[in-house]
Amino acid sequence: MTNNLSGYRNKFVRVKTSKKRTVSSSNWLRRQLNDPYVAKARIEGFRSRAAYKLLEIHEKFKIFTPNMKVVDLGAAPGGWSQVASKLIKATDGNLKNKIISVDLLEIEPIPGVESFQKDFFEKDTEELIIQALKGKADIVLSDMASNTIGHKATDHIRTLLLCEQAFEFALKVLNPSGHFIAKIFRGGAENELLNKVKREFSTVKHFKPSSSRKESTEIYLVALNRK
């Protein structure tokens, strides 16, 4: 698996106007059609371009090794779980290396991944994940994000709240020396959360993968080695 985009950059594709399509949906379609990571994901069999963000995080921080237990929050359609499954060499029925994936949306089956179509904020979801783990987790991943409304401050706060919930959950289930990786949007309100994370992990970094769109304020919180 590589993040090399050689051969995936095509000529610019224009999107014809349509009375049935809003301006925002036309802009989204144009962006998708001209995104080399979308093309690369389709050719290489990944379910979303987000797979390359996790690949970049791993390439820089070396977070995955074989025989790990991983929790993937906000997992649909499954791009991160696909990457994690390959990197830990997950197989169905192996209790030592497995991935637990959770999302409101259905996740099509992935080898070595146990998926739950659940709201992470429902009372029984945490217990469901803990029972499925049959022990502690080595990594908690969260690519959860609220539906954006185009108002940066609001989008920032909403996604930050999701990150805080994922962090509190990670503290409950992570092994000592475990890792926590989560998406946040820059906006200024994240400093309090960062201070909390730094008290619990030996190394805390911000990272923006090259596969993250330049215009996006998203970055990834990389917290390594739970104290």
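Even glycines carry a Cβ here, placed using N, Cα and C.
Listed features, source Swiss-Prot:
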BINDING   GLY78, TRP80, ASP103, ASP119, ASP143  S-adenosyl-L-methionine binding site
ACT_SITE  LYS183  active site, proton acceptor
Other CB atoms within 10 A, centred on ASP143 (S-adenosyl-L-methionine binding site): 23
LYS183 (active site, proton acceptor) CB neighbourhood, other CB atoms within 10 A: 22
Separation of alpha carbons, ASP143 (S-adenosyl-L-methionine binding site) and LYS183 (active site, proton acceptor) (Å): 5
CB within-chain contacts under 8 A for ASP103 (S-adenosyl-L-methionine binding site), separation at least 6: LEU73, GLY74, ALA75, ALA76, SER115, GLN117, LYS118
Densest Cβ neighbourhood among GLY78, ASP119 (binding-site residues), 10 Å radius: GLY78
Span of GLY78, TRP80, ASP103, ASP119, ASP143 around S-adenosyl-L-methionine - largest C-alpha separation, Å: 18
